[in-house]
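S.K.: Sharing a structure with you now.
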Amino acid sequence: MLTLGVNIDHVATIRQARRTVEPDPLAAAVLAELGGADGITVHLREDRRHIQDRDVRLLRQTVRTHLNLEMAPTEEMISIALDIKPDYVTLVPEKREEVTTEGGIDLVSNFTRFAQVVDQLQGAGIPVSWFIDADPAQIEAASKTGAKFIELHTGKYAEALNEESRAQELESLKKGCEQALSLGLRVNAGHGLTYWNVYPVACLPGMEELNIGHSIISRAVLIGIDKAVREMKLAMRGQV
């Protein structure tokens with residue numbers, strides 16, 4: 001059954017805007033789980049613009065579903081992951097000047113080093129997911145690194161300017177999902193998904209989990225996190 005991972009980064013974004021102690025991402029995680037979240041996702045960025053190290057450590061102790069740690073494949077982040085041991089890690093590209101992650105990681109150009117990263121993390125019992133575009137070469141490379149999962153980048157689908165472009169991007173995601181499954185990879189997806197565009201992605205055969213943050217937190221500002229999560233789960237079933 002398709003599951004929902006709720007990204008709570010932007011709860012921390014609001015907190016860090018004033019460098020204060022609230023709103024607390026831990027409280028947000030609890031409410032998200034009460035609302036039906038199947039997992040909690042946080043991105044510990046190198047610049048610490050929202051989620052902080054302390055948040056990840058406390059979430060590791062309090063999350064009752066599963067904790068997905070998004071991070072760049074750097075030595076610093078690998079060391080943190082090996083210490084905290086999240087339920088799994090999603091490795092993403094990162095640029096300091098970007099507002100949010102802009103695309104999938106390039107495994108083809110950095111294959112040897114990234115395969116070693118997978119060995120390090122999975123050797124310590126931490127399953128690895130690669131955040132990649134629905135590109136056949138990248139999916140093939142992800143499989144060859146030995147990773148357990150991929151997360152397909154849905155940004156191009158979400159940002160498509162017309163229905164024709166959106167249909168083309170959805171077809172690319174469908175083919176990417178099929179290829180990944182044929183290679184023995186488990187498939188997640190995320191980036192830019194909202195209440196209004198999530199259902200077609202949720203219908204893709206073999207899709208395991210959708211990771212969604214900004215849309216849920218934006219809605220939660222108005223109606224509360226638990227209700228916003230419930231509504232997203234309805235949207236994933238085409239009931240919104």
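From the backbone N, Cα and C atoms, a Cβ is placed for every residue, glycine too.
Keep in mind it's a predicted model, so treat the numbers as computed, not measured.
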S.K.: Which residue of G184, G192, G238 does Swiss-Prot report at the same 3-amino-2-oxopropyl phosphate site as N7, R18, G213, H214?
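M.R.: For 3-amino-2-oxopropyl phosphate, Swiss-Prot names N7, R18, G213, H214; of G184, G192, G238, the listed one is G192.
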S.K.: Out of H43, H191, G192, G213, H214, give those recorded positions positioned within 10 angstroms of D9 (1-deoxy-D-xylulose 5-phosphate binding site), comparing C-alpha atoms, in sequence order.
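M.R.: Candidates kept after distance check: H43, G213, H214.
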S.K.: In sequence order, what residues of the same chain, 6+ apart, have a Cβ less than 8 Å from the Cβ of R45 (1-deoxy-D-xylulose 5-phosphate binding site)?
M.R.: I51, M71, A72, E94
S.K.: Given the recorded positions H43, H50, E151, which lie close to N7 (3-amino-2-oxopropyl phosphate binding site), meaning Cα to Cα within 10 A?
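M.R.: The recorded positions passing the 10 Å Cα test are H43.
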